[in-house]
Amino acid sequence: MGRIAKYYREYGIRIVKGFMQYVWDDKGQRYIDCNTNHGVVFLGHANPKIVEAVKKQVEEIWAVPLNFATPARERFIEEFSKLLPPKFGVVFLQNTGTEAVEVAIKIAKKVTRKPTIVAFTNSFHGRTMGSLSITWNEKYKKAFEPLYPHVRFGKFNVPHEVDKLIGEDTCCVVVEPIQGEGGVNPATPEFLKALREEAQRKGALLIFDEVQTGFGRTGAVWAFQKYGVEPDIFTAGKPVAGGLPIGLAVAREDFGDVFEPGEHGSTFAGNAVVMAAAAAASRLLREEDVPGRAERIGAELAKALGDTGSRLAVRVKGMGLMLGLELRVKADQFIQPLLERGVMALTAGVNTLRFLPPYMISKEDVEVVHAAVTEVLKKAEQQ
């Protein structure tokens, strides 16, 4: 019998069911899901509105190539467009966040005809070869070098160095408004504004990677809206199809015809079932004011995480329901103890516990998370 290759740490838990902000293991233990598959299930496990849309679609048709129109795709773009600022008129459909980053880079290369990509310390953009090339951490890259050579890394959140960083050879600048994997590090408004101005001056495109930050999690539909800085292209993914695989590059209207037939493609992009889920998710986001809910309950969670009373805790970082608790010690030692107390979390960087719960997490859930985090930190202090 074959087996699934192992390249993830295993926690010895078999998850069998999920509903909204909770999951259950095969022993009946319930967990508050603040992991959500790295942010994918922001709209909740088995959300009834998304389940209904998927059930309806699977009885009609599943996979149709992009050469043909489908009602599912048309419904998606109609709903998704309501979430976009006016400048963004073109959506490039993909299957994952890393693919979305790849196509954004391809657009920039085709438009500018320049070689160099600018990225930043502690960045994470994916694990395919292009997005891996602009990811900072060597542990992800070392085994696969040489990667794309024309990458220049600058210091994140250092606006006064931007003019030297972005050159006449720069095709694009790729940045996360809040670094996720790198430590839940929000960009400063001054930094993003400096990138916007210098990219414009040098004829480079500004790309915001919103795969983790986007679709309501930070308290706005798109994190860049909180900064008042618009990119030329932004990527999205994770929660956009309610838990099904999707990636998007969203671009200015004038980039809509940048590729000739054959210059880009994707077998599964625009899958009808995924499109049905994404249309339902987009409608739900708007009708239930998901960003507003994320802002309000996120403030409650941030306050709770900042009130552990532990000397191991440094500060709470992030926005909305994308939060990190920075510690004075390595964070990965707390994942298993939190699981034992019914809380699923994840790490970001070396010393940050990351919390990415669904938007419907309740005040009672926040209290449980607070109690669990407080307990594991206090216990660690005593050892």
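Including glycine, each Cβ sits where the backbone N, Cα and C put it.
If you check Swiss-Prot, you get these features:
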BINDING   G97, T98, F124, D209, E210, V211, Q212, T267  pyridoxal 5'-phosphate binding site
BINDING   R127, S266  substrate binding site
MOD_RES   K238  N6-(pyridoxal phosphate)lysine
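Annotated features taken from Swiss-Prot, shown on the structure.
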{"residue": "G97", "record": "pyridoxal 5'-phosphate binding site", "contacts (Cβ under 8 Å, 6+ apart)": "G126, D209, V211, Q212, T235, A236, G237, K238, G247"}
{"residue": "T98", "record": "pyridoxal 5'-phosphate binding site", "contacts (Cβ under 8 Å, 6+ apart)": "H125, G126, R127, T128, S131, G247"}
{"residue": "E210", "record": "pyridoxal 5'-phosphate binding site", "contacts (Cβ under 8 Å, 6+ apart)": "E176, P177, W222, A223, F224, F234, T235, A236"}
{"residue": "S266", "record": "substrate binding site", "contacts (Cβ under 8 Å, 6+ apart)": "L66, L93, Q94, N95, E99"}
{"residue": "T267", "record": "pyridoxal 5'-phosphate binding site", "contacts (Cβ under 8 Å, 6+ apart)": "P65"}
Check: What does DSSP call D209 (pyridoxal 5'-phosphate binding site) in the simple three-state scheme?
Finding: strand
Check: Does F124 (pyridoxal 5'-phosphate binding site) have same-chain partners at least 6 apart in sequence with Cβ under 8 Å from its own Cβ, and which are they?
Finding: T135, W136, N137, Y140, E176, Q179, G180, E181, G182
Notebook entry, point to check: On the Cα atoms of G97, T98, F124, D209, E210, V211, Q212, T267, which are listed as binding pyridoxal 5'-phosphate, what is the maximum pairwise distance in Å?
Noted result: 25
Check: What does DSSP say about K238 (N6-(pyridoxal phosphate)lysine): helix, strand or coil?
Finding: helix
Check: Should G97 (pyridoxal 5'-phosphate binding site) be counted as helix, strand, or coil on the basis of DSSP?
Finding: helix
